[in-house]
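K.L.:
In case it's useful when we look at the structure, here is the feature table from Swiss-Prot:
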{"type": "INTRAMEM", "residues": "1-19", "note": "intramembrane segment"}
{"type": "BINDING", "residues": "29-35, 71-75, 130-133", "note": "GTP binding site"}
{"type": "CROSSLNK", "residues": "Lys141", "note": "ubiquitin cross-link"}
Amino acid sequence: MLALISRLLDWFRSLFWKEEMELTLVGLQYSGKTTFVNVIASGQFSEDMIPTVGFNMRKVTKGNVTIKIWDIGGQPRYRSMWERYCRGVNAIVYMIDAADREKIEASRNELHNLLDKPQLQGIPVLVLGNKRDLPNALDEKQLIEKMNLSAIQDREICCYSISCKEKDNIDITLQWLIQYSKSRRS
């Protein structure tokens, strides 16, 4: 019953107030970026994802918020495009495979190199450690330390440990993005 009332309130609010936000999703290949987009768009997880070639754009509506998501390929040849797609967005979402400890250093370096770009100064960053359902996956505290997130001082930064497969913490991730979008516009 409460869910029905909540949906009705969201629908009623959407008649008078719509919010749009744009974000860019980046991270090394095989971290789960496209899977994340599919899970928030449709609630569906698929094991059969293929790597993104270049970029994909998808619009997802949650309540009265429409999120335009740029999903950028993570292979080395596409990383030079990251900055271009991150300019002017409401938030940058940086995805990490939290279970692949061998790639953490490369992931940290790519994140810090990206955020050092003057054109991206001040854009908030949401760091997501995906695949928390796998053995030996780093938790939030370990991600913050290994990714040296405390060194990032010029912007809002948040970190969550998620699992697209199990849909763990997907809701809190969306809440952060939507809340941040609302607070940035007020």
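Note: Cβ is positioned from N, Cα and C throughout, glycine not excepted.
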K.L.:
Cβ neighbours within 10 Å, counted over all protein chains: which one of the recorded positions Lys33, Arg132, Lys141 has the most?
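P.N.:
Max Cβ neighbours within 10 Å, all protein chains included: Lys33.
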K.L.:
Out of Ser31, Thr35, which of the binding-site residues has the smallest number of neighbouring Cβ atoms within 10 Å?
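P.N.:
Candidates: the binding-site residues Ser31, Thr35. Fewest Cβ atoms within 10 Å: Thr35.
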K.L.:
If you skip the near sequence neighbours and keep only those at least six away, which residues in the chain come within under 8 angstroms of Ile72 (GTP binding site), Cβ to Cβ?
P.N.:
Thr24, Leu25, Val26, Lys33, Thr52, Gly54, Phe55, Tyr78, Met81, Trp82, Tyr85
K.L.:
What three-state secondary structure does DSSP assign to Asn130 (GTP binding site)?
P.N.:
strand
K.L.:
Going along the chain, which residues six or more apart from Gly74 (GTP binding site) have their CB under 8 A from its CB?
P.N.:
Val26, Gly27, Leu28, Gln29, Tyr30, Ser31, Lys33, Pro51, Thr52
K.L.:
Same-chain residues six or more away whose CB lies under 8 A from the CB of Asn130 (GTP binding site)?
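P.N.:
Non-local contacts for Asn130 (GTP binding site): Ser31, Gly32, Thr35, Phe36, Met95, Ile96, Asp97, Ala98, Ile162, Ser163, Cys164.
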K.L.:
Within 10 Å of the Cβ of Gln29 (GTP binding site), how many other Cβ atoms can be counted across all chains shown?
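P.N.:
That number is 15.
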K.L.:
How long is the line from the C-alpha of Arg132 (GTP binding site) to the C-alpha of the residue listed as 'ubiquitin cross-link', rounded to the nearest angstrom?
P.N.:
13
